[in-house]
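TrEMBL lists 93-505 with the feature domain 'Major facilitator superfamily (MFS) profile'. Marked as transmembrane segment by TrEMBL: 167-185, 221-240, 246-265, 334-352, 364-385, 484-508. Among the features that TrEMBL reports, region 'Disordered' is placed at 510-547.
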Amino acid sequence: MAFNDLLKQLGDIGRFQQIQVTLVILPLLLMSSHNTLQNFTAAIPTHHCRPPAHANLSEDGELEAWLPRDRQGRPESCLRFTSPPWGFPVANGTEANSTEATEPCTDGWIYDNSTFPSTIVTEWDLVCSHRALRQLAQSLYMVGVLLGGTIFGCLGDRLGRQKMLILSHLQMAVSGVCAAFAPSFPIYCTFRLLSGMAASGIVLNNLEWMPIHTRAHVGALAGYVFSLGQFVLAGVAYAVPQWRHLQLLVSVPFFAFFIYSWFFIESARWYASSGRLDLALKALKRVAQINGKQDEGAKLSMEVLQSSLQKELTLGKGQASAIELLRCPTLRHLFLCLSMLWFATSFAYYGLVMDLQGFGVSIYLIQVIFGAVDLPAKLVCFLVINHLGRRPAQLASLLLAGICLLVNGLIPQDQSIVRTSLAVLGKGCLASSFNCIFLYTGELYPTMIRQTGLGMGNTMARVGSIISPLVSMTAELFPSMPLFIYGTVPVVASIVTAFLPETLGYPLPDTMQDMKNRRRGRPQRRQQEQQKQMVPLQASARERNGL
């Protein structure tokens with residue numbers, strides 16, 4: 001009896017599994033908010049230079065006299081006249097010399113606080129020559145996500161899944177609250193990096209208590225909860241526009257998640273892999289009791305447990321030397337192609353969702369729309385990958401997303417409705433690409449290197465999300481340059497998809513030999529079907545012969 005059959009015997013998706021899934025997925029609502037929180041806490045309000053201290057602003061229109069105009073007739077954000085060219089009197093009663101020489105905003109800026117009363121941009125003047133620091137803060141958060149995937153992954157294997165989750169929730173709560181009270185920008189960035197690490201640790205929880213046939217459904221549920229978190233962020237940010245209050249509001253609930261994480265039951269698989277079969281047996285009996293399967297739990301013994309975990313332990317030993325398999329040309333090909341897909345999807349996705357102010361509509365409205373488009377997009381993706389195949393779904397989602405971004409770069413800035421529509425369509429395609437790449441990667445790698453392959457893909461996705469905010473700085477050279485870059489990468493990646501094999505209808509490969517056999521294509525599947533059809537015929541022949 002395999003361990004998966006043992007879980008079914010102890011209640012399948014009983015009361016324990018239902019409670020566990022609910023409590024594990026609930027933090028994803030606010031964790032998704034942390035991923036895109038900077039759209040609101042680092043929003044850039046309209047601003048212009050503050051006139052010098054000696055300027056007399058009592059006269060009507062004197063403030064505008066200090067501000068040069070751009071080609072569209074709008075006040076410049078980063079320049080002011082050295083003296084007003086209109087000849088207004090200054091504070092000492094003398095008239096200023098008429099000149100059109102300009103200078104940087106040496107006395108600071110005046111911000112329009114009607115939409116965003118307070119952001120990290122207005123508090124620490126992250127505009128003009130310091131504008132790049134705003135993108136640096138988001139990149140450092142993604143660096144934290146990358147580091148957290150490695151650090152908390154190791155901690156999960158050494159300390160256990162429950163302890164890793166407890167630590168992640170505590171770190172998210174503490175670092176998030178500390179970021180809300182950060183006295184300076186460097187300290188704020190430090191705590192945001194720690195928040196990113198904690199977010200990665202929360203995602204790493206893999207629900208090992210769920211039977212195999214339910215994990216795809218749980219994964220889909222987690223994806224929808226993650227999308228629902230974008231609605232939550234839009235509503236909370238609209239109700240709480242002060243950035244410190246908003247940062248605090250999405251961080252404090254993690255203290256509650258930290259408290260109830262102590263009541264989780266440690267993974268029996270992890271106990272067994274650590275050689276503590278007695279604790280694994282105790283955990284299984286407790287789960288049987290919660291699910292109302294006391295009789296089944298009473299039948300468990302050390303011998304039954306050892307037999308059930310034999311396959312899992314064998315596969316675990318195979319994963320220890322999985323890195324050596326990267327020397328195989330077939331695996332190297334898979335790694336390079338899939339790394340490109342992971343990088344392109346994450347790179348374009350965060351490039352799009354972290355620039356909500358660039359579409360000329362309400363930032364709160366577009367946040368809701370971006371969250372809403374995920375719901376039908378993920379449903380369409382689910383239907384396509386199950387009827388047409390993984391490769392067509394992956395290729396189409398990346399290609400269409402790239403085209404939307406490239407075309408958006410050609411649309412004039414004043415056509416906000418068209419630009420927003422293209423952005424929404426592109427975002428939906430990228431959300432579909434994320435769903436597909438998770439499934440596709442797991443089906444392409446053999447069992448003995450599957451977790452390693454997924455980890456490598458996640459690492460490349462984090463690299464893409466780190467670089468993405470920095471690319472937006474190219475808008476200083478040409479306003480549409482970031483969109484052209486964000487669009488080109490997924491288009492190129494869609495071409496790479498053509499070099500990957502299809503996995504629809506094929507069994508998961510367990511070994512390298514299975515991968516090589518799958519490359520032969522349909523004849524292998526027909527041969528398997530013929531072998532299955534021969535089984536009842538052979539049984540009938542044995543019965544006729546009296547065997």
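Here the Cβ of each residue, glycine as well, is placed from N, Cα and C on the backbone.
Outside the transmembrane segment (484-508), and at least 6 residues removed from its termini, the chain residues within Cβ reach (under 8 Å) are 333-334, 337-338, 340-341, 343-345, 347-348, 351-352, 385-386, 388-391, 394-396, 398-399, 401-409, 430, 433, 440, 442-444, 447, 468, 471, 474, 514, 518-519, 525, 528. The listed stretches are 167-185, 221-240, 334-352, 364-385; of these, 167-185 has the most Cβ pairs under 8 Å to the transmembrane segment (246-265).
Between the transmembrane segment (364-385) and the transmembrane segment (221-240) there are 3 or more Cβ pairs closer than 8 Å, counting only residues 6 or more apart in sequence, so the two stretches are in contact. Restricting the average to the domain 'Major facilitator superfamily (MFS) profile' (93-505) gives a pLDDT of 80.
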